[in-house]
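**Student:** Right, I'll just put the structure down here and ask away after.
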């Protein structure tokens, strides 16, 4: 076996020198991850004393005390900024520092709303003596600014906290910056999802794409069709998401400015649905008799669409986001082909032997159902590849291929005038030896030939963590900090962040910050953090 | 838990890159089916499981010493193992309800496991060694189950096996089938190498000799920040090491320390002046340092002191001396070394200088009465080795040829080349580790007997406490079965079925072992 191609170890002396250099505690404001659009700072710095540190609302702010999103965020960020203070350690000292106030002003009182596709996340942050001004159009922008502020604060060896004089203007490059978790191939306890939402906020991700059901299991407990999880989950009591669990995830995400995008993938990837809903899946035939196995959703029965309409009505009432992901990928036609009723339907519809037409027929019906519910559909690229008769406001989701092929797909989809989301280069469940975060970092989402208008149709990107080999035991170290590499690509200016070697020390510091915040992020390479992960 | 008997603390440094893009993944989806061997892992040598089953209840079940056993209540190794396994089987005592007052049992219950150490010396207070007897026999039947083992080491494995036979029926009650097991390991040395140097540096020994502090049994903690990452939070203290050794002993695991020289020693130089070779740039020292300086007497004085100390701290009969990947460029640049090469008539062959160093080092270590392991390069370079040296084969590609050569020369050997678990890839790579046959090389039966086992290596460039456990388990378990079970245990589907359950058992015992494939465990990992 030639597992070992290079040497067992090759000494990289400069790395050790480098660690020692870092240990001197040189702090730079480039520590903010992802890098803000514009940042200037000076060596002038101000001490922060947790006993004299305040968040306040600006007098002109549209949101004032009582704004749930910001009130909660102030509490959260206080503990993140002063981790020692909340653990009750190290602050019995006499120095009487001047108070420091972070004054937050927002232009709109959207405290009780949900973040959505057009929510502004722009903010400005100005840190000077005794005062920081954080201004944003929306509370979601204010959340991003609070995250940035928390990353500007650093702690010296003797425990004191400082922040440098800084001016920041910031906004995301892409409006959709998502992470997909797959809770069908393995069940992820709600705690694991909540922890992921925490870490997402630290990297300014704003969409949790919940691939909630698939072939292996159906853990979503439906109000209207309780049998789906009672019979389709790995276990009907312990391996399900109750309505309460789902609400908890949505509200936890909202507090962090994160949208929850549910995916109910069909007509393929639905084996688990069939267990709790008879006649939904296509019976496969072996010769002239049913073989006892089932294929994709049966597209020829009116009952199918009635069921889907009812299910999606429920989904749209449970999930507030304006998008619903409908899947539509990897449909295996062999079962449809084997079924005589499906064959008869093909004939009747004039589809000939082209089963992609049958799939198109099905997807059109489903997209119309969600459109009637005022929801924008997202579908995997397969749907575009098979046919183009889909409503113009549908978003296509690219998941296949190497750069050359996904760039061609970007070109084709945007040329056809559809909005598009890129996931192909960020299939983070595909692990390999070494620093693969560099591959995620150097992706160029707009590197395809097309007009300015076409480029504007790329609404963002998504990191996918498919679940074949992932559950709560390894999710967090597999996701972080590798996903953070994609986060910077999606948030920051590409020209300012094109050098992967410059990103390395910043991401390394950020990974240590994640550890400090209790996120079990794995190492990028040899090295150490001041506060190592202890939770083994 | 996994019948591994050796844990290598390596002191070395490594690097490697490999890019591996997976575009589309299509894999035959494995389907779980119950194995006739349940969840046993690694599979015992001989197993007979009958259909008859007995109930076990936490209220009535006990693990006790057999009357005739040579180990009694004073054998804390066994007593603590009894409690550990009782808790694995029934949960911790806190969760039990009214267990004392309620010791009723049904006639169909199994109420006792008697542990019988059969040889006069149980080795209860000793350390496991490469020659320890690890065999055991387990009979589960009415009225009591009996575990017989010549030594405590076999009893520990038998307890693990017994705990793996216990299962929950559909109502959650604990049950066990009548079973007869006769078991022993195929290989004596079944190891895991953890690379601590890079992320947690063993700094305490580095500063010995600097202050001649001989009355101190232990090496002082580093006084400066130069050697370790951090002098207090990122070192192993002697107390830590003792704790690790005792923790391992109680589980029948040997701790073999590795101190790799003359290469891989940059960090040593930070604590020990003149130990490393000054590199030259032209006629002047460049300020950087290379491998250990092999031409100075002080080097050997240091090594003698160092290994004397190490041999008292680590009780195991073996020390791993490394000896791999020595870079000659610095030696070549140094005029003093050039002169020495001339005096010794080494010509331009720096591997002769390396051998010279290793030879002296081996003689030093031999005087401490320890045996040693060396990486394969030491053998390849023709260094004269003691007959009981263990050669550690790690270079992939033609490791079968190397095994053949090493054993033909009469040396014992352990295999690691196919089991570098730090080289991760997408998919079920445990199967690759499982399918290895260590004796698959050309050689006589005598040669094959010289293979004493193997080691799964997890080097630390990309691993620390955040991802160590799920990266190691259950992938290392695949290696464990290859090294423990009979040669003909090669059914990959049966292995998948048993290993899936074994990984869920690890999760239940608090080890976040990662999944093999899409699946679920009755009690998922909640420690997030």
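Keep in mind that glycine also has a Cβ here, set from the backbone N, Cα and C atoms.
These came from TrEMBL, pasted as-is:
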type	residues	note
SIGNAL	A:1-31	signal peptide
DOMAIN	A:32-152	domain 'Beta-hexosaminidase eukaryotic type N-terminal'
DISULFID	A:67-A:111	disulfide bond
DOMAIN	A:174-493	domain 'Glycoside hydrolase family 20 catalytic'
DISULFID	A:284-A:335	disulfide bond
ACT_SITE	A:330	active site, proton donor
DISULFID	A:512-A:529	disulfide bond
**Student:** CA-CA, which of the disulfide-bonded residues A:284, A:512, A:529 lies nearest residue A:330 (active site, proton donor)?
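**Tutor:** Minimum Cα distance from residue A:330 (active site, proton donor) across A:284, A:512, A:529 lands on A:284.
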**Student:** Hey, what's the Cβ neighbour count for residue A:512 (disulfide bond) at 10 Å?
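**Tutor:** By my count, 20.
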**Student:** I need the CA-to-CA distance for residue A:111 (disulfide bond) versus residue A:529 (disulfide bond), whole Å please.
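**Tutor:** Checking the Cα atoms of residue A:111 (disulfide bond) and residue A:529 (disulfide bond) gives a distance of 37 Å.
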**Student:** Measure from the Cβ of residue A:111 (disulfide bond) and count the other Cβ atoms within 10 Å, all protein chains considered.
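**Tutor:** A count of 17.
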**Student:** Near residue A:529 (disulfide bond), which residues of its chain come within a Cβ-Cβ distance under 8 Å, counting only those 6 or more away in sequence?
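**Tutor:** Same-chain residues close to residue A:529 (disulfide bond) (Cβ under 8 Å, separated by 6 or more) are A:511, A:512, A:515, A:516.
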**Student:** What does the DSSP secondary structure composition of the domain 'Beta-hexosaminidase eukaryotic type N-terminal' (A:32-152) look like, as residue counts for helix, strand and coil?
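**Tutor:** Across the domain 'Beta-hexosaminidase eukaryotic type N-terminal' (A:32-152), the residues distribute as 35 helix, 35 strand, 51 coil.
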**Student:** What does DSSP call residue A:330 (active site, proton donor) in the simple three-state scheme?
**Tutor:** coil
**Student:** With DSSP assignments reduced to helix, strand and coil, which class does residue A:529 (disulfide bond) get?
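**Tutor:** Assignment for residue A:529 (disulfide bond) reads coil.
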**Student:** For residue A:335 (disulfide bond) and residue A:67 (disulfide bond), what Cα-Cα distance in Å is obtained after rounding to a whole number?
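**Tutor:** A Cα-Cα distance of 54 Å.
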